[in-house]
Amino acid sequence: MDSGKPNAAAIASTLFLVFFICMQCNAQLSSSFYDTSCPKLQSTVKKQVRTSISAERRLAGSLIRLHFHDCFVQGCDASILLDDSPTIKSEKSAPPNKNSVRGYDVIDRAKTAVEKICPGVVSCADILSIAARDATVLAGGPSWTVKLGRRDSTTTNFTQASNGLPFFRDNLQKLISDFAIKGFTIREMVALSGAHSFGQAQCFTFRDRIYNNTSDIDAGFASTRRRKCPSSGGDTKLAPLDLVTSTSFDNNYYKNIVQKKGLLETDQILLSGGSTDDIVRDYSKNPATFKRDFAAAMAKMSDLSPLTGQSGVIRRICSSLT
């Protein structure tokens, strides 16, 4: 007969449930987050990234940029992966992303592979963070520990994606300010800019620099770039950000800047008599220092405003909430 008093087992069960909920509500990212629930996660993602980059080397830079464009808009929550729907205005169509950001299909394939071994467990945001690290390593760059436990956003922010990302014509102070808002030092900003060690840019983003700039651009470099980028038209024609090692992660980006061969205005402006000059020169001479600082800055970036605990969801399809 029930006495109306809870027994010890019931009390213990209730206390455990309360403790578990509180732990979830205050969950923090951890490198061991999936050690029990999905132990083969990292090897599964790496396999998909390796296969994709083997087929197209350019994707290494694309995946780092995809991760960056996600994290700088309402945090590392995979909001950039969502397609348009009746309730979603996709960040993919924002001006900095449209016909520019790539690598969505790599994340989709990795997510499909992960779902087969751990259905409904791993977020798209975590997969994107792992993929960016693996892409860097596969291109010859440094590794870093990726903390995990992010959850996926159920919203996007088209306005922030349109206006909150660095623009190829930004001046130095604007770049410094944009990164400072996200908690990055000037040195970290210069290190993260080194992601332009590989990848490509569209003609319209550097046309003014190669045709109208005579003060801080090498004449031979400008002439070479004009061959693939006409003075009008051909806006989407591509050119490598680094002519020397366009698919490898190294410090040639900074060597190029020292030689006035930065492709974008926001590249060359890092050596323009301002507070970033000495950092650029340091990285141009010390590749190990650059790689160390880049890894630390990327680890910090991947921790920007993650959704954890009961916030957000685990999307089974990265491009959709259904």
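Glycine too: its Cβ is placed from the backbone N, Cα and C atoms.
The recorded disulfide partner of C38, taken from TrEMBL and restricted to C71, C76, C118, is C118. According to TrEMBL, the cysteine that forms a disulfide bond with C318, out of C76, C124, C203, is C124. Sequence-distant neighbours of C203 (disulfide bond) (same chain, six or more apart, CB under 8 Å from its CB) are K228, C229, P230, G234, D235, T236, K237, L238, A239, listed in sequence order. The separation of G75 (Ca(2+) 1 binding site) from R65 (site 'Transition state stabilizer'), Cα to Cα, is 14 Å. Inclusion criterion for the disulfide-bonded residues C76, C118, C124, C318: a C-alpha placed within 10 angstroms of the C-alpha of D70 (Ca(2+) 1 binding site); this criterion is met by C76.
In terms of Cα spacing, the recorded positions C38, G75, S79 that come within 10 Å of C318 (disulfide bond) are S79.
Of all Cβ atoms in the protein chains displayed, 29 besides its own lie within 10 Å of the Cβ of D77 (Ca(2+) 1 binding site). The recorded positions listed here are R65, H196; among them, H196 has the most other Cβ atoms within 10 Å of its own Cβ. Within 10 Å of the Cα of D77 (Ca(2+) 1 binding site), the following disulfide-bonded residues from the list C38, C71, C118, C124 place their own Cα: C71, C124.
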